[in-house]
Amino acid sequence: MSVASPAAAGLDTLCLAGPTASGKTAAALALAQVLPVEVVSVDSALVYRGMDIGTAKPSAAERALVPHHLIDLIEPCAAYSAAQFVADARRAMAEIRARGRLPLLVGGTMLYFKALFDGIDALPPADPALRAALDAEARTRGWPALHAELATVDPVTAARLAPNDAQRVQRALEVWRATGQPLSSFHSGRFDVASAAPPRTALISLEPTDRGWLHARIGERFAAMLQAGLVDEVRRLRARGDLHADLPAMRCVGYRQAWAALDAGDPPDLARLQAEGAAATRQLAKRQLTWLRGMPWRRTVACDAPDASAQVVALARQLVDEREAAA
């Protein structure tokens, strides 16, 4: 089997998705040993510089084994949208293919996968002044109150969002205040991810057969992050002076909980932080799995299998062979 020129073969995009802590990085590195791939990160947290521990960012040694793209793009004070991701990912994928290699999209930000597969509606750009005003309102009124306001002007979107989903409530109200139109009016009405495979694309999904295994792994990984210095990392971010708890970067799982723990006292209550961080990560994993179940064309590998990475490699070889034979 050879995929040295994937643009001429039947498969031009390979995706590796799964919930947080499912072993995507290890599987991607295993794939890089046998296929001519370059990794395109599909992770909304990895775009931020200076956020390494809490994002489980691939190490310098791991990134030296295979080229990685869309990591460390912006400062954590900046915003990064799904539309920006699509533009950056498409550019990176075209460059990878031009080098005769295969783009390997790896991550768990399912909204980014949806935007790339299904396209993204032409939403108005972010308005920093409006966002700042909404942040200020949230600090005095609380996000549930703003969610209630959203329900009066855009009940369709509000019904999809939790009252404390600050980032999405903020964006929906920002669109309403900027345009006078509800966010839901910009969408085609279909919020699920692609139910049919995009052309020349294959998706391997790492999913647990035992949810308890994933929960245990999440707890162990968050404990390891604390041991590795997550609290110190958040202290450094707080000391910059240009960040606050309502920024998208600081709402990332782990960072949000560590920031709140430091607000409550320094040194923080590490036992409570461990419990809250692991719980938030479990909720994230649940949402990711819900998205993945809406993609019936995916091919699954049990992430709790001892040889999960080897199974991913074998399946990827099979998928490439199948597409080459059909081309």
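Residue positions begin at 1 at the first shown residue.
Note: Cβ is positioned from N, Cα and C throughout, glycine not excepted.
Note that the structure is predicted; figures quoted are calculated from it, not measured.
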Please find, within the list 167-171, 177-181, 217-221, the residue stretch that Swiss-Prot describes as region 'Interaction with substrate tRNA'. 167-171
Can you say which of 23-28, 125-130, 251-256 is given as region 'Interaction with substrate tRNA' in Swiss-Prot? 251-256
Swiss-Prot tags one of 43-46, 103-106, 203-206, 279-282 as region 'Interaction with substrate tRNA' - which one? 43-46
Around the substrate site formed by THR20, ALA21, SER22, GLY23, LYS24, THR25, which additional residues qualify by having Cβ within 8 Å of the site's Cβ center? GLY18, PRO19, ALA26, ALA56, GLY108, LEU206, CYS303
Counting other C-beta atoms within 10 angstroms, the emptiest spot among the recorded positions LYS24, ARG131 is ARG131
When a 10 Å sphere is centred on the Cβ of ALA21 (ATP binding site), how many other Cβ atoms does it contain? 25
Neighbour-count leader, CB within 10 A, recorded positions: THR20, SER22, THR25, THR109: SER22
Distant-in-sequence Cβ neighbours of GLY23 (ATP binding site), under 8 Å, six or more positions away: LEU206, CYS303, ALA308, SER309
Beyond the listed site residues GLY18, PRO19, THR20, ALA21, SER22, GLY23, LYS24, THR25, identify every same-chain residue whose Cβ lies within 8 Å of the center of their Cβ atoms for the ATP site. GLY108, LEU206, CYS303
